[in-house]
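Novice: Questions regarding the structure given below will be posed in turn.
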Amino acid sequence: MAASRLDFGEVETFLDRHPELFEDYLMRKGKQELVDKWLQRHSSGQGASDLRPALAGASSLAQSSARGSTGIGGGAGPQGSANSHPASGGGESAGVPLSPSWASGSRGDGNLQRRASQKELRKSFARSKAIHVNRTYDEQVTSRAQEPLSSVRRRALLRKASSLPPTTAHILSALLESRVNLPQYPPTAIDYKCHLKKHNERQFFLELVKDISNDLDLTSLSYKILIFVCLMVDADRCSLFLVEGAAAGKKTLVSKFFDVHAGTPLLPCSTTENSNEVQVPWGKGIIGYVGEHGETVNIPDAYQDRRFNDEIDKLTGYKTKSLLCMPIRNSDGEIIGVAQAINKVPEGAPFTEDDEKVMQMYLPFCGIAISNAQLFAASRKEYERSRALLEVVNDLFEEQTDLEKIVKKIMHRAQTLLKCERCSVLLLEDIESPVVKFTKSFELMSPKCSADAENSFKESVEKSSYSDWLINNSIAELVASTGLPVNVSDAYQDPRFDAEADQISGFHIRSVLCVPIWNSNHQIIGVAQVLNRLDGKPFDDADQRLFEAFVIFCGLGINNTIMYDQVKKSWAKQSVALDVLSYHATCSKAEVDKFKAANIPLVSELAIDDIHFDDFSLDVDAMITAALRMFMELGMVQKFKIDYETLCRWLLTVRKNYRMVLYHNWRHAFNVCQLMFAMLTTAGFQEILTEVEILAVIVGCLCHDLDHRGTNNAFQAKSDSALAQLYGTSATLEHHHFNHAVMILQSEGHNIFANLSSKEYSDLMQLLKQSILATDLTLYFERRTEFFELVSKGAYDWSITSHRDVFRSMLMTACDLGAVTKPWEISRQVAELVTSEFFEQGDRERSELKLTPSAIFDRNRKDELPRLQLEWIDSICMPLYQALVKVNAKLKPMLDSVAANRRKWEELHQKRLQVSAASPVPSSPSPAVAGEDRL
């Protein structure tokens with residue numbers, strides 16, 4: 001098969017589109033000789049010679065470099081070197097062609113300046129080679145060259161991505177980076193403009209207008225205007241003053257470039273903020289007069305005019321003779337600046353009317369250009385401020401756990417945003433108190449004002465400990481008490497400012513901006529204050545609005561951090577309380593030792609395998625031994641390797657965590673477990689359920705009412721209790737019972753499931769949760785329809801997981817309601833206990849919630865108990881046990897007992913009706929008893 005031929009042009013085009021592949025290949029397999037050749041071709045002869053010590057291994061390059069340097073030193077000069085040709089036989093490396101631009105920049109001795117980029121390139125290449133040298137494998141023998149293109153590109157992209165800081169702050173900064181760039185149009189040369197002025201004044205004027213119309217940078221635009229005005233009127237020097245402070249009503253004329261010559265470069269050599277800045281008060285001097293009145297001033301001799309101020313001349317030694325001053329207006333006719341031309345050339349000549357006319361024609365264009373540049377600068381400033389606010393939000397979301405860190409971030413952002421010398425944050429001790437008292441203060445000084453910015457960050461807990469604090473406390477307290485911002489442009493003129501404290505501190509305060517910090521509930525939690533703008537100007541309205549918006553986010557962040565600290569302390573208190581309670585809620589070692597050494601009676605002796613077991617036959621200790629016997633009889637101790645001492649401790653702790661309520665107590669839990677044990681052993685369900693399922697239902701029976709408070713789910717919802725808030729209104733108590741069971745199991749020395757495998761443990765905990773939640777009658781009503789249908793159709797399949805789940809749920813409910821299946825005396829006694837507990841709940845509903853309880857909870861209607869029991873049996877109990885008998889006929893004694901007990905309740909009900917008929921008493925209709933109200 002013939003190999004495909006590659007076209008070099010196609011390869012080059014592909015590499016142009018994928019430079020990262022070329023870079024990756026060069027970094028992996030590039031040779032030093034290749035880089036030497038590249039440097040030789042793209043550098044001067046002297047530059048190649050300078051590289052010789054670092055690249056001594058490349059002898060051919062050294063020879064060619066020597067020839068190149070000889071030619072330069074031989075007197076050919078820069079011009080000759082630039083036009084020299086390679087020597088014959090030397091190939092590409094024999095001679096080094098020089099660019100004419102190098103000649104113009106050569107030194108007087110004829111030697112050329114070597115480019116700095118060569119040095120940097122050499123360092124970069126050396127670093128990359130060092131990385132390759134330190135590798136412990138040979139890349140030539142790897143299969144990287146055979147990797148597909150997608151793999152190479154993916155690796156290159158990952159390398160790029162890994163070089164970026166993996167923080168949200170850097171990602172946000174990259175996303176918010178402005179994509180708007182200032183247009184760059186190179187102006188025509190000054191010599192060309194001078195030529196046009198002499199030969200074509202119209203074209204000269206158009207060139208000046210065109211050059212300023214394309215510039216949106218106010219600094220370079222101002223510089224251009226000065227130079228062009230000098231050219232137009234033949235002035236020796238020129239100054240431009242722009243109006244500032246108009247919005248605040250305190251106008252000032254400011255010039256960042258003063259006395260610019262016509263022969264200076266078109267771009268300023270210094271861009272330092274406030275460099276060469278001169279401020280002229282509004283209405284003062286000739287500049288101020290022109291700005292205030294908008295008149296043109298043309299003075300042949302400045303010293304003859306009383307408005308002239310010669311202070312600048314005294315400072316600079318420059319003598320002002322003639323002077324032409326003219327206002328600059330925007331499109332609305334407002335004065336936005338003043339242009340001043342000084343000393344007409346030739347020296348001593350005054351400015352003419354033609355000069356005035358030319359300036360009057362040119363300055364309107366300058367006004368338009370300045371307005372556009374100012375608008376662009378304002379939009380950029382607003383963009384930067386909006387970006388800073390977004391970055392503040394990012395900072396606040398990143399740090400919400402440490403108050404000191406978040407306040408420090410806030411102050412750093414405030415200094416960056418407002419460009420101030422000092423920033424402080426004070427937090428109130430008590431936001432509810434009418435007395436303003438600060439409990440914490442944080443302070444940060446700008447690095448420009450402090451040699452060590454980190455050491456300038458201070459925190460003090462007591463107010464007396466920051467007596468050296470430089471912020472005026474009276475202003476901060478005023479803001480905290482009124483909630484209104486305070487902006488002081490001149491601190492020493494404000495009566496609220498303590499000048500004496502300022503002098504003692506050594507930090508001179510000029511201007512103060514202080515705003516309140518609010519939380520989400522619109523309560524003042526502190527104040528934020530900034531001092532002294534770096535440019536020396538007072539804080540303006542824009543600064544105040546920005547600072548107030550900034551502090552809104554800061555207030556939320558500080559409030560969240562304070563709340564987190566409070567929650568953290570509350571959690572610590574809760575942890576301590578739980579530790580104390582768990583100590584008192586667990587059984588003692590003496591109790592464990594007692595039952596560990598006790599002889600456990602047999603099942604026959606305890607009669608716990610009897611479906612008609614007497615619920616009141618055992619005392620509290622006997623119920624523990626009976627529970628131990630059930631675990632041993634079902635083989636769970638041996639099967640799951642349950643430590644016997646742990647089992648004793650767990651049972652005793654479970655008993656201790658049942659409250660002393662009338663019915664839902666430890667005895668009820670044991671009786672439910674006993675009935676489950678009897679059904680498993682008597683009806684043969686032990687053969688149907690797995691060992692894990694049996695363990696789950698037995699443990700579930702013992703734990704299904706842990707920490708029951710004697711009230712039902714409806715009461716928790718009505719009273720909006722802590723349990724309802726924690727678990728919601730669906731199966732509130734059942735979720736609490738399960739979580740309480742888990743807490744006991746996780747306590748030290750109580751995990752009876754410790755020796756189960758991870759899968760068995762996971763399955764068991766899921767089954768345990770299902771078993772406990774199944775005792776909620778709301779869930780019973782939801783699932784019993786499915787169970788009844790499966791039973792009636794004979795479609796029960798024990799291999800189907802959902803069928804087994806429903807069956808276990810029905811078993812749990814049958815055991816929970818099992819008192820109705822016991823002999824009449826036992827069943828009636830249990831019914832009276834349940835009713836008494838319900839009456840206590842009804843009393844609480846009436847007294848605490850101001851509600852009228854339903855019939856089953858109303859003590860005043862206790863004579864209706866037989867009727868309510870009949871409804872209870874007919875609607876809830878009887879259908880369930882009838883279905884279970886269809887599943888297993890061995891459970892028929894339970895159904896028979898239910899029927900027998902119903903007959904007893906029917907007799908009592910009929911007797912009540914007879915008594916009521918003999919002595920009729922008006923009674924309100926009784927409401928239907930909801931199943932969930934029963935348990």
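Every residue gets a Cβ built from N, Cα and C, even glycine.
Pulled from Swiss-Prot, these are the listed features:
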REGION    41-125  region 'Disordered'
MOD_RES   Ser162  phosphoserine
MOD_RES   Ser163  phosphoserine
DOMAIN    217-370  domain 'GAF 1'
MOD_RES   Ser239  phosphoserine
DOMAIN    402-558  domain 'GAF 2'
BINDING   Ser424  3',5'-cyclic GMP binding site
DOMAIN    588-912  domain 'PDEase'
ACT_SITE  His664  active site, proton donor
REGION    915-935  region 'Disordered'
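Could you tell me the structural context for the features on the list?
Specialist: Cβ neighbour count for Ser239 (phosphoserine): 23 (other Cβ atoms within 10 Å of its Cβ, all protein chains included).
Mapped onto three states, the DSSP output places Ser424 (3',5'-cyclic GMP binding site) in strand.
Sequence-distant neighbours of His664 (active site, proton donor) (same chain, 6+ residues apart, CB-CB distance under 8 A): Tyr658, Asp705, His708, Gly710, Glu837.
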Novice: Relative to the Cβ position of Ser424 (3',5'-cyclic GMP binding site), how many further Cβ atoms are located within 10 Å?
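Specialist: Other Cβ atoms within 10 Å of Ser424 (3',5'-cyclic GMP binding site): 24.
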Novice: Measuring Cα to Cα, how far is Ser424 (3',5'-cyclic GMP binding site) from Ser239 (phosphoserine) in Å?
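Specialist: Just about 40 Å between their Cα atoms.
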Novice: Translate the DSSP assignment of Ser239 (phosphoserine) into the three-state scheme.
Specialist: strand
Novice: Please give the average pLDDT for the domain 'PDEase' (588-912) in this predicted model.
Specialist: 95
